[in-house]
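**Q** Sharing a structure with you now.
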Amino acid sequence: MLLQIDKILSAPECEAIVSAVGDPALWRDGKETAKGGAKSVKSNTQAAASAPPVKGSVSKILDTLRAHPVFQAAAQPADFIRPTINRYSPGMSYGDHVDAPYINNLRTDLSFTLFLTDPDTYAGGELVIDNQGHEDRIKGSAGSLVLYPSSSVHRVDEVTTGERICCIGWVKSRIRSAEQRGLLFEIEQTLADLRDVNAPSQTHNRLLNVRNNLLRLFGE
């Protein structure tokens, strides 16, 4: 399942993060964290994870994701893995690659990209994901997020002008199976719809019980 979620962060929140990581001394060669064949096709920079402004920005992002009902319903996160703020300047790109199955000894089930700069501030830089034989080309507004399977072949096209700044990361899900996660996500969306129309509590509770029992059945 590929899912785009708008307005994870507000425009001022994105601007504050971009400003916080603006010091040129914070940035490192992105190849430092690439493995295998990915190293040869990766050209970007990454904000030093240990620097206080970066740690604070990433902490803000993770707190927001943990509190976001749609992200939680879709990802069912057990752990967040190596969230990283990265930057593509003119001439930089990341060729076709697949994310590592394990990072820091944690299984990568889902990948996410949270856009921090508006698409009209840079040219190029589309996130291109192979989605079962066709390409999804994504260039989200600042504050929007795309969530997709870590098993997908994907790339970032070359940035030709401006700067593309994002936070990327991975999720180990409580639900290993993508099919089961998708089923639970549909149930969560239906529960939200029932609340919106003030459905009888008995109806809501019956479906909630189904959701809870499936979490017990599917969960790790």
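Even glycines carry a Cβ here, placed using N, Cα and C.
According to TrEMBL, the record shows the following:
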type	residues	note
BINDING	HIS97, ASP99, HIS154	Fe cation binding site
BINDING	ARG164	2-oxoglutarate binding site
DOMAIN	77-173	domain 'Fe2OG dioxygenase'
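So that I understand the layout, could you describe where these features sit and how close they are to other parts?
**A** Long-range neighbours of HIS154 (Fe cation binding site) (same chain, six or more residues apart, CB within less than 8 Å of its CB): ASP96, HIS97, VAL98, SER111, LEU127, VAL128, ILE129, ASP130, TYR148.
Secondary structure at ARG164 (2-oxoglutarate binding site), as computed by DSSP, is strand.
Residues in the domain 'Fe2OG dioxygenase' (77-173) partition by DSSP class (helix H, G, I; strand E, B; coil) as 3 helix, 62 strand, 32 coil.
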**Q** Whole-number Å distance between the CA of ARG164 (2-oxoglutarate binding site) and the CA of ASP99 (Fe cation binding site)?
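**A** The Cα atom of ARG164 (2-oxoglutarate binding site) is 20 Å away from the Cα atom of ASP99 (Fe cation binding site).
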**Q** Relative to the mean position of the Cβ atoms of HIS97, ASP99, HIS154, the recorded Fe cation site, which additional same-chain residues have Cβ within 8 Å?
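**A** Nearby residues not in the site list: ALA38, TYR94, ASP96, VAL98, SER111, SER150, SER152, VAL153, ARG155.
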**Q** Please compare the binding-site residues HIS97, ARG164 by how many other CB atoms fall within 10 Å of each one's CB, and tell me which has the fewest.
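**A** Selected from the binding-site residues HIS97, ARG164 on minimum Cβ neighbours within 10 Å: HIS97.
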**Q** Measure the Cβ-based neighbour count of ASP99 (Fe cation binding site), defined as the other Cβ atoms within 10 Å of its Cβ.
**A** 21
